[in-house]
Amino acid sequence: MPTVLALETSCDESAAAVLRLNNGCLQVIASRIASQVEKHAQWGGVVPEVASRLHVEALPHLVEEVLQEAGQSMARFDAVAATVTPGLAGALMVGSVTGRSLAALHALPFFGIHHLEGHLASVRLAEHPPRPPYLVLLVSGGHTELIRVGAESEMVRLGRSHDDAAGEAFDKVGRLLGLAYPGGPAIQALAATGDSGRFSLPKGRVSKPGGGFHPYDFSFSGLKTAMLRLVQALSEADEDLPRADLAASFEQVVADVLVERSLLCANDQGLKTVVMVGGVAANRRLRELMSKRGQEQGIEVHTAPLRYCTDNAAMIGAAALQRLVSGVNGSSLELGVAARWPLDKTEVLYHSPPPF
């Protein structure tokens with residue numbers, strides 16, 4: 001049974017996991033995450049230098065813990081995997097160097113994994129994962145994309161955000177409302193007691209150069225500006241800020257936009273399954289709305305398990321195992337890290353010489 005040790009350090013979560021493929025089913029044998037959220041909360045966002053230092057401190061202990069829980073020595077692994085792109089370069093380097101060092105020391109293949117490919121693989125950790133082809137709504141702190149996953153696991157991006165990702169918009173609006181970082185969970189909690197229909201907010205669209213709009217693309221900068229102006233107007237009128245109603249109205253319009261464009265894209269592509277992955281996919285309103293409207297339109301909706309929506313190493317291991325069993329030999333030990341790299345060029349992460 002193929003078994004991998006996987007590492008994730010692309011942003012503000014240090015993570016390690018042990019995964020095994022047993023009769024075609026992925027098994028998470030052990031998984032550990034050390035979150036840095038509380039450390040970064042005082043600055044209202046991730047500080048790259050602090051993130052890198054905290055990864056250096058946490059990762060060795062996490063690796064030791066998952067190895068002990070799995071009861072597995074390094075000699076019994078088939079590969080080591082680590083996120084190498086995209087993300088904070090310094091943070092990525094911690095996981096990459098650790099992974100490559102372990103692979104070299106124990107003569108194991110190393111798999112440099114694209115972080116977004118990991119998110120796409122997270123749905124395979126569900127008890128009943130969907131079978132491709134399907135449309136993925138990848139919605140996280142740094143990315144909002146619509147990706148078609150084909151029967152042979154090929155990936156084609158059909159839509160994207162042209163400015164802020166949905167998760168970034170949640171964080172920025174959270175700060176505007178005086179909420180703690182990260183904004184997503186804080187807005188969800190506050191919105192639970194609010195009136196989502198009280199304020200009318202714009203659904204940003206992206207214009208085409210020749211006229212019309214990109215049907216599957218997203219823009220959240222206008223929504224963010226509308227929220228700023230609304231808060232300023234209410235404050236200048238000396239009104240008590242209706243934070244719960246503001247949070248609920250914002251959360252509702254984000255969910256509306258994500259659901260409407262995802263289902264439009266799925267229908268246009270003739271796809272009967274939509275998959276949601278990424279940190280924002282944990283949002284309760286989004287999950288409920290996508291499920292309800294998908295059912296109304298005859299589209300099956302799958303979501304990655306909640307514990308694997310936010311950054312974790314299990315999803316990196318899932319992506320690595322998928323590569324391993326498909327016959328990929330691994331990445332060069334000379335592969336570095338990159339803050340940005342397109343998802344449609346993941347194949348070159350396994351080329352020699354490496355792309356970076």
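FYI, residue positions are counted from 1 along the chain as it appears here.
Yeah, the Cβs are placed from backbone N, Cα and C, and that goes for glycine too.
Per Swiss-Prot, Fe cation is bound by HIS115, HIS119; the candidate from ASP268, ASP311 named for the same site is ASP311. Binding site for substrate per Swiss-Prot: LEU138, VAL139, SER140, GLY141, GLY142, GLY184, ASN283, plus ASP171 from the candidate set ASP171, ASP195. Distance noted between the C-alpha atoms of VAL139 (substrate binding site) and HIS119 (Fe cation binding site) is 9 Å. Here the Cβ of HIS119 (Fe cation binding site) has 31 other Cβ atoms within 10 Å, regardless of which shown protein chain they belong to. Binding of substrate is attributed in the record to LEU138, VAL139, SER140, GLY141, GLY142, ASP171, GLY184, ASN283, and the widest Cα separation among these residues amounts to 17 Å. Using the Cβ center of HIS115, HIS119, ASP311 for Fe cation, the list of other same-chain residues with Cβ within 8 Å runs, in sequence order, GLU8, SER10, THR83, LEU116, GLY118, SER122, SER140, GLY278, ASN312, MET315, ILE316.
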